[in-house]
């Protein structure tokens, strides 16, 4: 452990911009959410109405979790922001830990460090201290921000510590996944996949209220924060679960570190074939992208299965609750509620799929900057052919990923309702109509790559903006023209599928893609 | 004799930096041409322009009779390239990369592939991420040398190779010359260029400052002479082209401009020569002179 503090200082120096941004973001949103909700729900009457509808709307339940306490402003903040706060802090912890452990090791810099007076466990310890410490700092400042708006201190600390607890769990999870593979991309993918499962388990557990499989939320670190019931009951003892997980998983990771070679993973590298069979740019792109395509397809299929299995309980919830049934009958009854649920879910799936599409397009840029495009483009492969070989994974691969999601939804809901023949094509359709909007996002990414290669990373900002506008735009009471900027706003809502918007979205996507191709054909290769 | 590469007045800027500044380069078909210059002189930029990876701001470049920017695919069928920074895909084996690049180029010679793997002592079954820098370079070299192409463009191909492998590389390039291939070899390893190249171009600040055969270049420079004479040296200081003369009794050491050798030697012979050593300038000296002049 010698040298840990020097490495902590090194990490803080390297992340001196990134970490403050995370802290400011997570604390700032906590504060602004509180003030916005205070304005929005300024009477007890309006809060009571929210209490009934929030816990009856399964799309809300799946996305945000249940609203435990609507008598206090704190309860509203926990409901609106708690799950996402945990999600974001988990992403922060994951990126920080991988960046300072496996990515360093992969780049060969750990070797440089390990040859100095530094303990074997110091790099891991430093990463855990930085990520865990930042999580705790965020939680503490969130609590202070809530107390600063005159909320109950006990509830405020319950909330802040809940956020911090998710950060701690994912600090440990990433410390563990960093031991598994030699490749930091793979480490992040495994940890990210686990985060997805964590979110989905609680989404599935929450979506149908008490009619659904609520016990699932006990298997999710984000679900645990819901069980703390900040401001409602302040069950601090629940936080022992994440704490124990943190200690256990960090301990296992440290044990692995003391057993393995620097630079290697648990999953050992093996010899491969001496002869190759790849003979085309597409063959190479397939080799590079298939893991991601298959992984995403399985993941979205699983998401579809989970949401599909909840859908029936959504209908059930209405029948179980006469008061709710009355409200719902005004908007078209239980069927309309299930339809609205699928409309929300498929839109969410569309948004998630756009992350895959952008990632597939950005592979072009990472191939270029790592000098791996150069030897390929020094062969008779044309610029056009090379770009197309990867773009096809965004365009066609996107369809595969969305179809997998629709298949998951349709299979489960179809079997449950004994109507597979009707439901399956409906769900496939509902998922695939998202494709043109996702293509538009991919088109923007390709335009950036083709015309402004240094700004290719802005594609992620584009995805984030589309996510925020589509999911939170109405709640944040943004102007309609802003919400209209997201292509997903224009996708027809299930079950009313019209082809007009799909056609023009496709045209926009084609124009963007053509511009990106043309731009790359004309520009210099650059790093 | 035709030219495989002919470049004139080439300019390429990156923002305020003028990476290529009125560059002229002529590589004749069938020769091994050394492209010499220190880091940052513009060697790789020039090569990337020739490969159609960068677009020149002005000037003309002809490669195998075509335009490197417009006829990219057709030209690339006839050449092979080894980049200065070889980065491999972490999960592809060396063998897979060799075959991939070969197939993209339109096929490779299996027998030569096997022979080269043996000569370079390269295990093709290892994954890209497990190769050292030198081994990554070998992968690119085997891929390039086992292709049936007219032109090889090699950008500092031996910077990671050990001396034994450097010798193997030199043998291979000599074989390529025997097969009638044209080679453009960028390098800053002077011994390598001296051993391999028919002609050399020296680049400085994006501009070719000297080009020609090694003999031509030497002709422009000085030869070191040291001699023991029969009597005291006389009249040497008065001769044109003699520099740095040191005389100790009957011994002399001096440098002489190569085109003034004849009168100087006549003067020595008139005094009577006991021993004589003459050293042609090394490429190193040549190179250093060009770069020191610039400072």
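Cβ coordinates are placed from backbone N, Cα and C, and glycine is handled just like the others.
As the structure is a computational prediction, the values presented were derived from the model and not from experiment.
Of the candidate ranges A:79-97, A:98-116, A:193-211, TrEMBL annotates residues A:79-97 with the feature transmembrane segment. Matching A:214-235, A:236-257, A:258-279 against TrEMBL, the residues noted as transmembrane segment span A:236-257. Ranges compared are A:51-72, A:293-314, and TrEMBL records transmembrane segment for A:293-314. Only sequence-distant pairs (6 or more apart) were considered; of these, fewer than three Cβ pairs between the transmembrane segment (A:17-37) and the transmembrane segment (A:293-314) are under 8 A, so the stretches are not in contact. For the transmembrane segment (A:293-314), the residues of the chain that approach it from at least six positions outside its boundaries are 58, 62, 189, 193, 196, 200, 203-204, 207-208, 211-212, 334, 337-338, 341-342, 345, 349, 352-353, 356, 360, 393, 397, 400-402, 404-413, 416-417, 427, 431, judged by C-beta separation under 8 angstroms. Distant neighbours of the transmembrane segment (A:79-97): 11, 15, 18-19, 22, 25-26, 29-30, 33, 37, 54, 63-68, 70, 127-128, 130-132, 134-135, 138-139, 142, 159, 162-164, 166-171, 173-175, 178, 188, 191-192, 195, 198-199, 202, 221-222, 225-226, 230; these residues of the same chain sit at least 6 beyond its ends, with a Cβ under 8 Å from one of its Cβ atoms.
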